[in-house]
Amino acid sequence: MRSFTYHVETVQAWLALSRLHIIIHLIAVVSLCYYRISHLLLQPPTAPWILITLAEIILSMLCFFNQAFRWHPVSRTTLTHKLPREDHLPGLDIFVCTLDPEKEPTLQVMDTVVSSIAMDYPSDKLAVYLSDDGGCPVTLYAIREASEFARDWVPFCRKYGVKLRCPKVFFSPMGQDEHLRDEEFKAQCHLMKTKYEKMQKNIEKFGSDPENLRIVSDRAPRIEIINDQRGLPLVVYVSRERRPTLPHKFKGGALNTLLRVSGFLSNAPYFLVVDCDMFCNDPTSAKQAMCFFLDPHTSKTTAFVQFPQMFHNLSKKDIYDSQTRTAFKTMWQGMDGLRGPGLSGSGNYLSRSALLFGSPNQKNDYLLDAQKYFGNSAGFIESLKVIRGQKTAKTNISREDRLREALAVSTCSYENNTKWGREASGILICDLTRE
Ligand SMILES: O=c1ccn([C@@H]2O[C@H](COP(=O)(O)OP(=O)(O)O[C@H]3O[C@H](CO)[C@@H](O)[C@H](O)[C@H]3O)[C@@H](O)[C@H]2O)c(=O)[nH]1
Ligand SMILES: [Mn+2]
């Protein structure tokens, strides 16, 4: 067990047994190889023999590489109570991406948005951005409704320390345990449920007109600040420019736009990416992530913190491990003990600086020739300098000016002739599996 300032790293208890298991496997695989090679020298191989040998080589390689996941698995416990006071915590932006209200029901997307707004993190340090890649009227209408509902939901969650902050889950049988409290709480719950149902009804009514569900695939960018009142996080709606003839790079392109737009409005040093159907299941996850980013021992080497994805409502007879427990429980703990887990695309907290500039040992070259890497928006480059600690943020820019500049970096052509995606912000550029 290794103790850091804000987290503890525990190596799997059965490590010796696990390694013995690896060694026994290895001996079996090596013996098999020996048998095949020695047999090859004794008599000429037949076709079936060659096929079986090939199959064995492939399986042995798979087995060999899989052992790495069992070599040094670690699990981590965070000590959120040791973190600095709330007013000393860094800013956090949450990016939610959605595209098609027919495939990604708007009500479900709003549950994700509300669970993000209700994150257990200081409101003035938190901003939630919804990227509407479909440019659908219903999504804009719904986020206004969701933000209105959050005005009541967030104080309710804070007052009663609600753990399941996705309203749909809270009011479902999964949230039953949370309801076992006094009469006052039950009355408040009832009130919240009425407000939640009203929000749902309004959105459903608006979405019942097919015109409002239509994806607008040829459109100018649109950015709207949905909430900037104190006491609640900043909530922003972003629909980047999309033209049928120009490449949009799917989710990667949407995230790149959010990364730039948020540079003008909140410019938090850390951001969380969530797919629209993946609500924030644990409101303390933001503070838990900060335990790694702020820890003096790990802060310089931590680029991202990945939370496991969890799935519910699967078939009881699921024989294909659709919950992906193998990946998130076994393999990722194994990778964590070696060089760190992979990035799964959702539920990951990233350091803006690590993503845009690489490791802290990397030189600041990118900023010397900033336009070549990050495009020609002077305001965005200023925001990067703030992230690198070279400047302090300007506070005298009007909201209109910020929005105007944010619109300019949301166009299809902004990344043209820059190194976005090739050298700068590489991992967010392409999500080729999507359509
Ligand atoms: O042009 C696009 C296409 C997709 N999306 C959004 O991207 C997310 C992921 O797309 P989805 O079609 O739901 O992909 P999945 O296979 O469900 O997602 C998994 O696989 C993707 C990589 O292939 C990752 O990006 C995701 O994070 C991961 O959860 C969703 O929120 C979409 O709304 C956009 O914003 N714009
Ligand atoms: Mn999905």
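Here the Cβ of each residue, glycine as well, is placed from N, Cα and C on the backbone.
The transmembrane segment annotation in TrEMBL covers 20-37 (among others). Away from its own ends, the transmembrane segment (20-37) comes close to residues 53, 56, 60, 63-64, 67, 70-71 of its chain (Cβ-Cβ under 8 Å, at least six residues beyond either end).
Within the same chain, residues 22, 25-26, 29, 32-33, 36, 39, 330-331, 333-335, 338 sit at least 6 positions outside the transmembrane segment (49-69) and bring their C-beta atoms closer than 8 Å to a C-beta of that stretch. Annotation source TrEMBL lists transmembrane segment at 49-69 (among others).
Non-local neighbourhood of K103 (UDP-alpha-D-glucose binding site): empty, since no residue in the same chain at least six residues away has a C-beta under 8 Å from its C-beta. Sequence annotations record features per position, and here TrEMBL assigns UDP-alpha-D-glucose binding site to K103, E104, D133.
What TrEMBL lists as Mn(2+) binding site is K251, D275. Under DSSP, D275 (Mn(2+) binding site) is assigned to a strand (E or B) in the three-state scheme. Counting only same-chain residues six or more apart in sequence, the Cβ atoms lying under 8 angstroms from the Cβ of D275 (Mn(2+) binding site) belong to V96, C97, T112, G345, S346.
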Most crowded position, judged by CB atoms within 10 A, among E104, D133 as binding-site residues: D133
Between K251 (Mn(2+) binding site) and D133 (UDP-alpha-D-glucose binding site): CA-CA distance (Å): 8
Rounded distance in angstrom between the Cα atoms of K251 (Mn(2+) binding site) and E104 (UDP-alpha-D-glucose binding site): 14
Residues flanking the UDP-alpha-D-glucose site, with Cβ no more than 8 Å from the Cβ centroid of K103, E104, D133 and excluding those residues themselves: T98, L99, D100, P101, E102, V109, G134, C276
